[in-house]
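What follows is a set of notes on a single structure, which appears directly below.
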């Protein structure tokens, strides 16, 4: 690893992006591109192709035009899955964003046990979704779970057996796992806000609340967009968590789009319609992230005027 | 400085490239994808066998394969074991990708039909007529679900598994009630158990096929085996029989009365949580396959040994047309040979079929686990603690006027998934009985 030690003095960079030392550096993106091509582009093209075929996994792939698309779009389960997916998306965004911002601001301040607390804070992020689901499932079990064990009736609800409660539990677990991640993003962003802004506002007589709403929040604009994009697009792909926790139940109350796709493809052996749903998922994800970028306005405008 | 910078770049590029290559390589070889027959050298396995993990099956199968491998130095078998629900997905995907095992384990019926349709499994009919001795050792009634269009594609193995009503005798004594002899008596027990804080029935609702067992019995006791036979035969609107509506309404009424434990719709069968409710006395009764006996014996401490577990055929429904001797469940498990396997692997599999799978150790192993083997002449082995249970199961299986295969196994995967989905919704009251019927009529014959 000694070869990785940084050179003591760096040659001042020239302004040209090609590096100025002869030859382009675009080839350095090659490893990343190859990975993306192999695991992103090729499967995407494959799925698009499969959505215009009839394929039962065991037999052969038969091209069948729009048959699979028609089947997928007329399936009454699709509307329910779309609704469930957007509900989970909206609720988890509404809950995670304020909590993450507040925690991020809190952790960005310099006080003594911050680093120590931050380590604990990150534990949920490091556990696999399946393990989290199994644990919560056991804790929430009405017969053998926490509520029954401790004889606390308030905890002893049919948490995963009632539609609204099951959605609520799902949002809670998602937040429990992902708030630390978004907190980290906000913490970094808050630290980048120049202290001169706060000093200036203090001289002008602004209190803490005023500082938060007039300086911190506007300065976090792009961070909020980044974090929201990750949350929104990420929530489209919740699969493992729901699959283990509720299996889409009770009934079809938590049967999100990703789960519906899996069920069609691997339980009903209908790979064609399942691929059509996969394409819909990609389109929804792309348009949502484009929309969020638009909301952010021009990314090159300065946020530091007067700072 | 210039030079050192370039070499650093190259180094970084190489590391990234190597990491990428390693990741690619790792993805290519994940999971046991050995098709068998990749090597025919003496010590190496030529045939593969996939089956379910856990008791009672896994140790018995492991022992049988060890026995076979010891006796055969040339054609060895390697087993892989998977959880029930995971196995159902994995086997399909693997077969479709040409990565399936030599021996394909399953429940016969609709899934086997799909394999046959795409030419994935060997026709065993002529092999069985050449090896009549093998065929004669197996109960004739078990061949049905392994037969497609008059040809046998799968050998019945393991056990005959009728679904029965299990009950906790201790809980019945504690509440001071007697086991029900009819459906109305059973329904009358619900408030009595609830008053004592005991769930009348344990049900693993998230697994869905567990709920299905209720529908199977309620329909059969009500209207006989004819209604589902019509569905199976693909007759249009076969679900529209009034008996189906009556059965669905009865099911929803059971849910309304709180017949199932709180949280039943998030209980899974793979974790045996439904069994635990029964042997811990939190629930009084449970409709489940006969394999439940082995699980309760294994997990329930002294519950089974102390005579805590009772069982009976599902009680008759007052005024129902169905024969009370009828039962549903698994007439056997089924083993096919992959048509994609190498000749050596096929030969090893056939040898396994004709020797170890029908030998006395195999028969004794299943009996010991609390199961009724598909092999003939097991009655004399029914001794010891499990004798009464085994005798009762064998009698239910052999005296049944009709032994129907579980619906989700008999139907095609498309129809089965729609069925299970609708059943889950029915228990949540997210679908009305009439909408249920309409939805199910839509997938008849598909």
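For all residues, glycine too, the Cβ spot is worked out from N, Cα and C.
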Matching range for TrEMBL feature annotation, transmembrane segment, among A:3-32, A:33-62: A:33-62
Whether the transmembrane segment (A:159-179) meets the transmembrane segment (A:270-292): three or more C-beta pairs under 8 angstroms: no
Maximum Cβ pairs under 8 Å to the transmembrane segment (A:33-62) - stretch from the list A:82-109, A:116-139, A:222-245, A:270-292: A:270-292
Ranked first among A:82-109, A:222-245, A:270-292 for CB pairs under 8 angstroms with the transmembrane segment (A:116-139): A:222-245
Positions on the same chain near the transmembrane segment (A:270-292), where near means CB under 8 A and six or more residues out: 44, 47-48, 50-57, 64, 67-69, 71-73, 75, 78, 81, 225, 228-229, 232-233, 236-237, 257-258, 260-262, 264
